[in-house]
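Listed in TrEMBL:
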BINDING   12, 13, 14, 121, 162, 192, 286  UDP-N-acetyl-alpha-D-glucosamine binding site
DOMAIN    6-139  domain 'Glycosyltransferase family 28 N-terminal'
DOMAIN    186-344  domain 'Glycosyl transferase family 28 C-terminal'
Ligand SMILES: CC(=O)N[C@H]1[C@@H](OP(=O)(O)OP(=O)(O)OC[C@H]2O[C@@H](n3ccc(=O)[nH]c3=O)[C@H](O)[C@@H]2O)O[C@H](CO)[C@@H](O)[C@@H]1O
């Protein structure tokens, strides 16, 4: 009988794609998914993995008036996950952190089942910091994260990327966008849901870039009311694009947020990057994700509140005219990539869940 693994990954592309990449490495396992209603997992989790939906409350680390209420909500979620685990006779749980990780880890451990957590950010999220000590193993996407978990014996695996990123460039489907082969292509990516503030500054900068011969693929997300306000033959705004590996390989430069998924994929495809970290990210973790590439010379980081359209406009034009600088940045990005991350993580899962 196949080993049964429950994957608890929910909410954003950054949480879902590494888990999907791991699942793809475990074809001999019987995998089911744990998520919440109305989040991205209902669209992104491949159809072959049955999806169990539970309600999960935000977890507050600080003690306070909300604590008792939160504890009772977590207890309810733990109860629901225990039922899923027992009814499905699962032998292990894998999670990519976030709110769903708390009940998943607690339920698994209370039943004596191994729980493996993967943290993709350079600063671990609060659920990871709080619940790591309950886990059977904790894997990290970026090495610097280990210093925030001093009492945990962590394993550095890198963050798995979808299998499309592991295909040889030549085998990837071509871009279905009419962009000339020799055009300088900038791609703008604001994470799996887009980033309205990034969209706005890009639209302000774009006219000067078009004049300089730049083409732009702009992944805008679904929440930007002004998305139709810029139209130009060299401009392709798209709410979400699936064929990311082909797009990133084709790009000459990326501009965007520094969610762990984006940073990892840009390293994998050796792309020079300009990051504008999401200022409201918990503990400023996107800034530290961006620093992983910036410290090696692969990326330039701007704080959103200090960035003007003039500065961004100039920076891109400078890079456009400095192929040697772009090459140096690309070479630096390659050093951060962990191409066999999914295999490393799958090996860990195979050792602990069988
Ligand atoms: C706003 C927020 O809280 N973001 C968090 C969320 O990231 P979020 O999911 O928003 O962003 P990430 O950069 O981690 O991942 C984005 C993923 O979506 C994919 N993509 C994006 C656009 C598109 O059109 N098509 C597509 O496939 C990218 O290729 C990438 O795989 O989880 C990450 C991992 O914990 C965190 O680092 C981020 O801080």
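Glycine is treated like the rest: Cβ placed from N, Cα and C.
TrEMBL feature annotations superimposed on the structure.
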residue: 12; record: UDP-N-acetyl-alpha-D-glucosamine binding site; CB count, 10 Å: 20
residue: 13; record: UDP-N-acetyl-alpha-D-glucosamine binding site; CB count, 10 Å: 19
residue: 14; record: UDP-N-acetyl-alpha-D-glucosamine binding site; CB count, 10 Å: 27
residue: 121; record: UDP-N-acetyl-alpha-D-glucosamine binding site; CB count, 10 Å: 29
residue: 162; record: UDP-N-acetyl-alpha-D-glucosamine binding site; CB count, 10 Å: 20
residue: 192; record: UDP-N-acetyl-alpha-D-glucosamine binding site; CB count, 10 Å: 21
residue: 286; record: UDP-N-acetyl-alpha-D-glucosamine binding site; CB count, 10 Å: 27
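Among the binding-site residues 162, 192, 286, the residues whose Cβ lies under 6 Å from any atom of ligand 1 are, in sequence order, 192, 286. Among 12, 13, 14, 121, 162, 192, 286, the residues given in the record as binding UDP-N-acetyl-alpha-D-glucosamine, the maximal Cα to Cα distance rounds to 21 Å.
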